Amino acid sequence: MESITIENYVFPSTMVNPPGSTNTFFLAGAGNRGLEIEGKFVKFTAIGVYLEESALPFLAAKWKSKSSEELANSLDFFRDIVTGPFEKFTRVTMILPLTGKQYSEKVAENCVAHWKAIGTYTDAESQAIEKLLNIFQNETFPPGASILFTQSPVGALTISFIKDDSITGTGNAVIENKQLSEAVLESIIGKHGVSPAAKCSIAERVSGLFKKSYADASVFEKPGIEKSSDPVIEEKPTIPEIGV
């Protein structure tokens, strides 16, 4: 598997022992998040989504016969990624500067609206949102800084902040709430996901992995994160509906 470059930021093909996990992850896909502003598409963040190695056989059982186009258009496929019994790791790297308050308030707004709509907003979720807002309150993220989310299938969400490319050590904070843990990734690749480009990338890469023999194709290569100076040409994604 190859790495993916978004706006000169490289997402390596594998990730080993990110904060909150001792597992190895493969890069499922990556893309930008942006908005149309005065007729110009402005990119704010680059997002990479990694899945624990056990995700591939789990997803293949149901989706291996589907084309990349079918996967890209299937809400159930992305829902299976969000809720599947394996760990997920998401890296959100700033292309433009952003404050923690700006980021967390938008995430919180979207989560609460979704939970209220489906009738699952309880005191536990309210407390989890309050913790999220407090964690981000005093943070600032210049270009190149990243927010890291490690999502456990049992419900723990490990949050980390890095100013460079070193993804090591323990997380800054852990929130024990399964709905919030899933909602963070849902907000990126779900029905109203903020990165259609990442969704298309995931569908294409995972479909390609399904077509390879597990015996012959290793999705795990030497990990590493670096910044590339090579220009990257990307297709303009569909404009996201909501979120940060």
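Cβ atoms are placed via backbone N, Cα and C, with glycine included.
Values in this document were obtained by computation on a predicted structure and should not be read as measured data.
Noted in Swiss-Prot for the protein shown:
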BINDING   Thr45, Asn110, Ser187  substrate binding site
SITE      Tyr103  site 'Important for catalytic activity'
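Cα of Thr45 (substrate binding site) to Cα of Tyr103 (site 'Important for catalytic activity'): a distance of 11 Å.
Ser187 (substrate binding site) is surrounded by 23 other CB atoms, counting those within 10 A of its CB over all protein chains shown. Each residue contributes its Cα atom, and for Ser187 (substrate binding site) and Tyr103 (site 'Important for catalytic activity') those atoms are 12 Å apart. Taking the Cβ of Asn110 (substrate binding site) as centre and 10 Å as the limit, one finds 20 other Cβ atoms among all the protein chains shown. Here the recorded positions are Thr45, Tyr103, and the one ringed by the most other CB atoms within 10 angstroms is Thr45. Tyr103 (site 'Important for catalytic activity') sits 11 Å from Asn110 (substrate binding site), taking the C-alpha atoms as the reference points.
DSSP classifies Thr45 (substrate binding site) as strand under the three-state reduction.
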